[in-house]
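Annotated active site, proton acceptor per Swiss-Prot: Glu103, in sequence order, evidence recorded as sequence analysis. Sequence annotations record features per position, and here Swiss-Prot assigns substrate binding site to Thr28, Gly29, Ser30, Thr31, Asp81, Gly82, Ala83, Asp84, Lys94, Gly95, Gly96, Gly97, Lys121.
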Amino acid sequence: MTQDEMKKAAGWAALKYVEKDSIVGVGTGSTVNHFIDALATMKADIEGAVSSSEASTQKMKALGIPVYDLNSVDKLSVYVDGADEINGHMDMIKGGGAALTREKIVAAVAEKFVCIVDNTKQVDILGEFPLPVEVIPMARSYVARQLVKLGGDPVYREGVITDNGNVILDVYNLKILNPKELEDKINAIVGVVTNGLFAKRGADVLLVGTPEGVKTFTA
């Protein structure tokens, strides 16, 4: 199986966690795009979706899936999203696609977080993938200096503005042994909107596309 075929297998496997007549939280990225294709096959059986990015919103609307504003929704039974890295404790680095803040908000509302990845995203220790940090533009230099103090090497992601109008610093050379602690430390820096560590709200179910098929892990 190619990497994309493994992503597709994981995306379609997530359909079984979608409840009839529910509103589904939908993430962002290449693996999620396969899930959206799958979700479209049962759009008559769900009420609709809440999206974590403009890109996913456009794709779902094009496929005829109703998209709701999160503020109009009381609860989400499930949120389906990918990850850039995930460890054995279901802690993740997300935000390679710059949608981390909205992803984190939707994940917080959902009762269950189903993470869909191919097997290249599984790691023992988080941090080889640079950690994205969403930052208010005027605070960029200050936040970068604070991230250096935490042992990271922040790089401004040129030409990228988030859906919220902010910028991204990608932090390299972090060996993240305590993801929850680092998530709090970075979020405490003035000017940080949030960072791509999903440790305080990790995944509940992990679906991994492998050459042998989809493997399921639960927290």
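Cβ atoms are placed via backbone N, Cα and C, with glycine included.
Ranking the binding-site residues Thr28, Ser30 by the number of CB atoms within 10 A of their own CB puts Thr28 at the top. Note: the CA-CA distance between Lys94 (substrate binding site) and Glu103 (active site, proton acceptor) rounds to 9 Å. Every protein chain shown contributes to the tally, and the Cβ of Lys94 (substrate binding site) ends up with 28 other Cβ atoms within 10 Å.
The two recorded residues Glu103 (active site, proton acceptor) and Ser30 (substrate binding site) have their Cα atoms spaced 15 Å from each other.
In this entry, Thr28, Gly29, Ser30, Thr31, Asp81, Gly82, Ala83, Asp84, Lys94, Gly95, Gly96, Gly97, Lys121 make up the residues listed for substrate, with the farthest two CA atoms of the set 15 Å from each other. The C-beta environment of Lys121 (substrate binding site), restricted to residues of the same chain at least 6 apart in sequence and closer than 8 Å, consists of Gly82, Ala83, Asp84, Glu85, Ile86, Val208. Sparsest Cβ environment among the recorded positions Asp81, Ala83, Gly96, Glu103 (other Cβ atoms counted within 10 Å): Gly96.
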